[in-house]
Amino acid sequence: MEQTASPVVFAARDDASDVHFPHDDGSRVPYKVFSSRAVYDREQERIFRGPTWNFVALEAEIPNAGDFKSTFVGDTPVVVTRTEDGALSAWVNRCAHRGAQVCRKSRGNASSHTCVYHQWSFDNEGNLLGVPFRRGQKGMTGMPADFDPKQHGLRKLRVDSYRGLVFATFSDDVAPLPDYLGAQMRPWIDRIFHKPIEYLGCTRQYSKSNWKLYMENVKDPYHASMLHLFHTTFNIFRVGMKARSIPDANHGLHSIITVTKTGDDTSAAYKQQNIRSFDEGFHLEDESILDLVSEYDEDCTNHIQPIFPQLVIQQIHNTLVARQILPKGPDNFELIFHFFGYADDTPELRALRIKQANLVGPAGYISMEDTEATELVQRGTVRDADATSVIEMSRGNPEQQDTVITESLIRKFWVGYQKLMGY
């Protein structure tokens, strides 16, 4: 009989400063960081409102003047807009009057935004346009004479874009966006975003687990051919393929994983070790979902590139995705898959990208297992705040990068995380 999962509850001792990483190389991670409300709140200030650039949109989502999109930086609601002069703007979706969310639509086009509560209105850059009855009426008093609309706009974020990816930050101290992305990561972003894109749509899902468990997951090539039967059985991602597992050199928080077929038989190791994720008896009725149209100098079957803290760039065969991670508390996050193609795609290639969208997303043949795994970790660790994970794979050769049998990217991530959080 299948067990019913108990509700997740937070660890009893909840002090954000009471977090101890026993090793400084990221190989031991206290489970408290996945369930503590205090740690989560500290992350909102030190990471999402700290010296990071947060992915908020694809420029292709807001191509025209007045286009807007509601999203989040961490758990702070923000709106990203295209201004009348074609520039990008982002502001906190919180009215300067009494704090209500101003914009209640997920996306659209508007020349201004009006708060439903008291009808204060703002332009696309967050500047206050109007206050009803500001000067009173028929002798009744209004706002004080010294009320200055210029001082009561919406809180603005700094915005920049790289190759059509839009990022926002609360910080005045963060490095310029190209430097933040880093010299090692930019060429891999350029690989995918080398020409204008077309936005195809998105899927959304929630996972009852901590957002960092997903960040671990996308930095973990070791799991990819163990957990995912589809990956391994249909030769999309296997041990033995040409591989890269590269962290960024600045802080270790970004990374790139790629695999490419070489023509060698990579199934033998799975057969010999009787690994569950390889199943020769598993067949597809329509194998066209596995078609691979050559588009790049190297036709990787898998390109997974986390850009900390909210973005994962993905290419699996010909499906292209910008995954957006939105924390919703210590034990919940929203995951949005933004699907895109290139503006000059043929109708046939566009149709293939849409078909291959079934590989990922909430019911994807591959990715549905990832959030199931992160929820299992969440449920398994919630009552053992002081216990730690063991992240040892390839620790004896941490600089090796031509392998997927490694947890080096996860260790680098945790080292960078500790520095940001002050642990």
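In case you wondered, yes, glycine gets a Cβ from its N, Cα and C as well.
The annotation domain 'Rieske' is assigned in Swiss-Prot to 53-168 on the grounds of sequence analysis.
Following the DSSP three-state reduction, the secondary structure of Cys115 ([2Fe-2S] cluster binding site) is coil. In sequence order, Cys95, His97, Ala100, Gln101, Val102, Ser121, Phe122 are the residues near Cys115 ([2Fe-2S] cluster binding site), counting only same-chain partners six or more apart with C-beta under 8 A. Annotation source Swiss-Prot lists [2Fe-2S] cluster binding site at Cys95, His97, Cys115, His118.
Per Swiss-Prot, the feature Fe cation binding site maps to His223, His228, Asp370; the stated evidence is similarity to another entry. Of all Cβ atoms in the protein chains displayed, 22 besides its own lie within 10 Å of the Cβ of Asp370 (Fe cation binding site). Following the DSSP three-state reduction, the secondary structure of Asp370 (Fe cation binding site) is helix.
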Separation of alpha carbons, His118 ([2Fe-2S] cluster binding site) and Asp370 (Fe cation binding site) (Å): 44
DSSP-derived structure type at His223 (Fe cation binding site), helix or strand or else coil: helix
Residue among the binding-site residues His97, His118, His223, His228 whose Cβ has the most other Cβ atoms within 10 Å: His228
Env. residues of [2Fe-2S] cluster site, Cβ within 8 Å of mean position of Cys95, His97, Cys115, His118 Cβ: Ala96, Arg98, Gly99, Ala100, Val102, Tyr117, Gln119, Trp120
Confidence summary for the domain 'Rieske' (53-168), mean pLDDT rounded: 96
Env. residues of Fe cation site, Cβ within 8 Å of mean position of His223, His228, Asp370 Cβ: Asn217, Asp220, Ala224, Met226, Leu227, His231, Ile366, Ser367, Glu369, Ala373
